[in-house]
Ligand code: GAR
């Protein structure tokens, strides 16, 4: 894994598709003195992603490319990542699947936040599945990204109790709150 050398922060890109609350949280974390990363690029596969507003707010470069033609999109992103000297990628609510080839270029340097206690509930609708299955706990996982969806080595997990009164919305909110704590902690764990 990449190690912190000297005082230089590791140039990081965050990939999003939506609201970007994890992105905002990671930007705030990156500004802390002891954070190992700096956020230098925001990528989204859609111009509709609300999180893109953090590009202006925090003066961070953004890049948008639809994944209609994934190979072309990935090539453009890789070129940009190389040009910007990006060494680490955080997926934060990024809803597209990256190809084997793309991941190979950033082997061991892409991490993802997933809203379940992996290996349980890979893919979509994790909270709905947890509630439908009457699970007692839900949670979130930060893991390395490999070619197999939501299956890379787990870095950290956090459990959240599911109460009888919980709905999809209340559970998603509780888990998201924990995601915001877990992502920075997991990044510190990787680099320290
Ligand atoms: C988060 O709950 C994240 O775990 C999930 O999307 C949400 C994004 O919220 N990610 C996935 O489902 C990835 N498959 P945000 O845009 O507010 O950070």
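The backbone N, Cα and C atoms fix where each Cβ goes, glycine too.
Predicted automatically and left uncurated, TrEMBL annotations should be read as such.
Because the structure is a prediction, the values reported are computed rather than measured.
As annotated by TrEMBL, domain 'Formyl transferase N-terminal' applies to 11-187.
Taken from TrEMBL, the feature N(1)-(5-phospho-beta-D-ribosyl)glycinamide binding site applies to 20, 21, 22. Taking Cβ-Cβ distances under 8 Å and a sequence separation of 6 or more, the neighbours of residue 21 (N(1)-(5-phospho-beta-D-ribosyl)glycinamide binding site) in its chain are 51, 93, 176, 180.
The Cβ of residue 71 ((6R)-10-formyltetrahydrofolate binding site) has 11 neighbouring Cβ atoms from other residues within 10 Å, across all protein chains displayed. Taken from TrEMBL, the feature (6R)-10-formyltetrahydrofolate binding site applies to 71, 95, 96, 97, 98, 112.
In the shown protein chains, 23 other C-beta atoms lie within 10 A of the C-beta of residue 114 (active site, proton donor). The active site, proton donor annotation in TrEMBL covers 114.
In the three-state DSSP classification, residue 150 (site 'Raises pKa of active site His') falls within coil. The site 'Raises pKa of active site His' annotation in TrEMBL covers 150.
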Near residue 112 ((6R)-10-formyltetrahydrofolate binding site), which residues of its own chain have a C-beta under 8 A away, given they sit six or more steps off in sequence? 90, 91, 94, 142, 143, 144, 145, 150, 152
If you measure residue 97 ((6R)-10-formyltetrahydrofolate binding site) to residue 114 (active site, proton donor) at Cα, how many Å is it? 13
Taking every pair from 71, 95, 96, 97, 98, 112, which the record gives as binding (6R)-10-formyltetrahydrofolate, the longest CA to CA distance in angstrom is 21
Who sits close to residue 95 ((6R)-10-formyltetrahydrofolate binding site): which same-chain residues at least 6 apart have their Cβ under 8 Å from its Cβ? 17, 18, 45
Hey, which of the binding-site residues 97, 98 is the loneliest by Cβ count within 10 Å? 97
